[in-house]
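Scroll down for the structure; my scribbles are underneath it.
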Amino acid sequence: MRQTLPCIYFWGGLLPFGMLCASSTTKCTVSHEVADCSHLKLTQVPDDLPTNITVLNLTHNQLRRLPAANFTRYSQLTSLDVGFNTISKLEPELCQKLPMLKVLNLQHNELSQLSDKTFAFCTNLTELHLMSNSIQKIKNNPFVKQKNLITLDLSHNGLSSTKLGTQVQLENLQELLLSNNKIQALKSEELDIFANSSLKKLELSSNQIKEFSPGCFHAIGRLFGLFLNNVQLGPSLTEKLCLELANTSIRNLSLSNSQLSTTSNTTFLGLKWTNLTMLDLSYNNLNVVGNDSFAWLPQLEYFFLEYNNIQHLFSHSLHGLFNVRYLNLKRSFTKQSISLASLPKIDDFSFQWLKCLEHLNMEDNDIPGIKSNMFTGLINLKYLSLSNSFTSLRTLTNETFVSLAHSPLHILNLTKNKISKIESDAFSWLGHLEVLDLGLNEIGQELTGQEWRGLENIFEIYLSYNKYLQLTRNSFALVPSLQRLMLRRVALKNVDSSPSPFQPLRNLTILDLSNNNIANINDDMLEGLEKLEILDLQHNNLARLWKHANPGGPIYFLKGLSHLHILNLESNGFDEIPVEVFKDLFELKIIDLGLNNLNTLPASVFNNQVSLKSLNLQKNLITSVEKKVFGPAFRNLTELDMRFNPFDCTCESIAWFVNWINETHTNIPELSSHYLCNTPPHYHGFPVRLFDTSSCKDSAPFELFFMINTSILLIFIFIVLLIHFEGWRISFYWNVSVHRVLGFKEIDRQTEQFEYAAYIIHAYKDKDWVWEHFSSMEKEDQSLKFCLEERDFEAGVFELEAIVNSIKRSRKIIFVITHHLLKDPLCKRFKVHHAVQQAIEQNLDSIILVFLEEIPDYKLNHALCLRRGMFKSHCILNWPVQKERIGAFRHKLQVALGSKNSVH
């Protein structure tokens, strides 16, 4: 029933007038058949939503009931979420009104009892969420009709047992969530209702389970996943659990934080008769892993042992884990005191049994060092993380990784280990290594290049955040395959040596030299790095290099980087930019010049940045944003950052910029608050985007008079030159036109037989293309014959006469339009004009335009007095860029050649 609030209004104190103010549902948002009515303090179900909605969200409201009648209009619902309300009872008729309902979420309500009728009509449900209610006991069989149910969530209730019914049911159930209840024992008679079920996940975490009765798991048809996290099992109950799991279908077993402090060769004995593939023993404070503890788990593939306290890993502790591919030992070996004697130990050959191991995580441990046979036997290891793992790994020698000599290691993480020195041949055993991370250490040395010997397949070396690195010409000579080199904040020295330390890195795509206070760079430092795509040089001191006052002039250290996509030059103190500094950077997409001292930029500095998408110039000293400087850069921009610049709000400085930002779709963060005028004084602090540009229109009489006089003078000069150089041609065309109009010559093209299918008008420079493609079309279609000047003009005939005759003998005229054609004097002055004139005089639609290049209409009109709108669409063709579309182009051309010449 709709709840209403009576609102009584009095007028004059005499005439009462009552009104009913209904609760509003207009705040619900509806999109793509999904209605969101959450967080609206609703006390009843809205009745004005579209009838075709399939998803309805009513969470976080004040609903106490769900009257079935209120859902009559929403019969298409497949998902209903009424969580976080105060519903205490569910009407059985609800699902009768919602026959298509598949997902019902009732979490965080006040349901306490479920009768046999509660879900009797919810036969299509696949998910039922009842977590965080007050259900303490399941009586009879409330879920017996849910034959399609896949997920049932009863977690965070007060259930004291797993009994959910008295007869076999829920045959399609895959996930049963019973965590955070008061279950103390698992009994077969309570679980036998799942005799026909295949449970992929049985979630019993955070219960007080003390007993596993015999056959409790065998009562379930098939059990694949069991989760008992945060259950105080201990070693004894864990052993009993595993015995009960024997001969089941268990695949995944999670025992995180189950107080399993020790393991022995009998702990997991029961799992010998299973095919367990995943075992989670994390957060157990496990300190003793006995020999052969996991010998019964030959099928295990994923093993989680992180956050334990293993004091000694024996040579046979991991025996039997022959198929493990992933092993997580993060923070599993931690010392108990500051005493060196308390450091955890890992025996040699401890990992030799893990023949299939590919991923090993040993981060955040207190291991004394790497022994000569620590990793021996890991013949399939590809990823090894040793970040913050060692207490005394100060120097990497040629013996450090000898135990990995037979491992096909691809990724090695050695960060946060306080490494101070890398000796020659330190990685010579790691020939397959692709990624080497040495960041966040204390390395301080000269890199001779011998450190990387043997890294024949290296792809990335990360050396950022170390003490200092001094480069030499051979620092990277032995790693030509390197594509990513990170040298951020390493107090880089000798970077300006010649030849450049980076010269051998021809395959480099990412180079990070930021935060190094670099002041000197040679113009050949990046020479040869033609594949470089990302260059980070922020937070250095490169200002002098681009000054015109620099001895020898500006240093163009970016030359040749034709494939560079991202350039970061933030915080370098630049106050000048040479006009050609970005000349070669045609593919540049992101430029960051923020936090510098730039004021005036050269007019054409961004002319070649046609691909630019993001430009950052924040916190500079820019006062003027003019079109001649920023126009090319802003053309395809998607993001612009020019915050905190002292803009000069005058017509000359920002009028164009204001018009642009008010019209563009480019993302400009904080436009209203951080783009403020600095000068003149009366505009100080005024938002730039609100600057009135209407006053910038020039209406000075003198300038207007000057423009008019200049225009008249230029027109007069043009006419004089035209008559002087082209007078005879004008006279000739005038006479021809007069003769045509007066009827000196009659032409009836309807009965005339043409010798050529088309006459080709093209620029001289395009003759090779014309010959290649039109002659090949003639060979493919014998009925086609084009008039090609080089082949078909009669010898000895005057060229102009031959052109006129050939056009008359051709049924169509094809213009091959390129920039060369627009500049070809013969084509512009005679061929094109004569062809168009003949088509107009004969009332024919005989011209076909073939565009080999993208030519704007205004250029076409300016050069040839033609526009695309003068021709039918099928007579305008564009040469395709893709070779596979050439056949389609030729087909369209043949259609155009076969079309009627008549305009009507």
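A Cβ is built for glycine as well, from the same backbone N, Cα and C atoms used for every other residue.
When the candidates CYS696, CYS787, CYS827 are compared with Swiss-Prot, only one is recorded as disulfide-bonded to CYS651, and it is CYS696. Take the candidates CYS21, CYS37; Swiss-Prot pairs CYS28 in a disulfide bond with CYS37.
Here the candidates are LYS467, LYS583, LYS589, LYS765, and Swiss-Prot annotates LYS765 as ubiquitin cross-link. Swiss-Prot marks one residue of LYS382, LYS812, LYS892 with the annotation ubiquitin cross-link, and that residue is LYS812. Checking the candidates ASN247, ASN735 against Swiss-Prot, the annotation N-linked glycosylation site falls on ASN247. Looking up ASN52, ASN709 in Swiss-Prot, the residue bearing an annotation of N-linked glycosylation site is ASN52. Here the recorded sites are LYS765, LYS812; the one with the fewest Cβ atoms within 10 Å of its Cβ is LYS765. The two recorded residues, LYS831 (ubiquitin cross-link) and TYR759 (phosphotyrosine), show a Cα separation of 11 Å. Within its own chain, the repeat 'LRR 9' (249-270) has Cβ neighbours under 8 Å at 198, 201, 205, 217, 222-235, 238-239, 241-243, 276-297, 304, counting only residues six or more beyond its boundaries.
Comparing Cα positions, LYS812 (ubiquitin cross-link) lies closest to TYR759 out of the recorded positions TYR759, LYS765, TYR858. For the pair TYR759 (phosphotyrosine) and TYR858 (phosphotyrosine), the Cα-Cα distance reads 25 Å. Most Cβ neighbours within 10 Å, among the modified residues TYR759, TYR858: TYR759 holds that distinction in the structure as shown.
LYS831 (ubiquitin cross-link) counts 24 other C-beta atoms within 10 Å of its own C-beta, drawing on all protein chains shown.
As a summary of secondary structure, the repeat 'LRR 11' (299-320) carries 0 helix, 5 strand, 17 coil according to DSSP. Mean pLDDT for the repeat 'LRR 7' (198-219) in this predicted model: 94.
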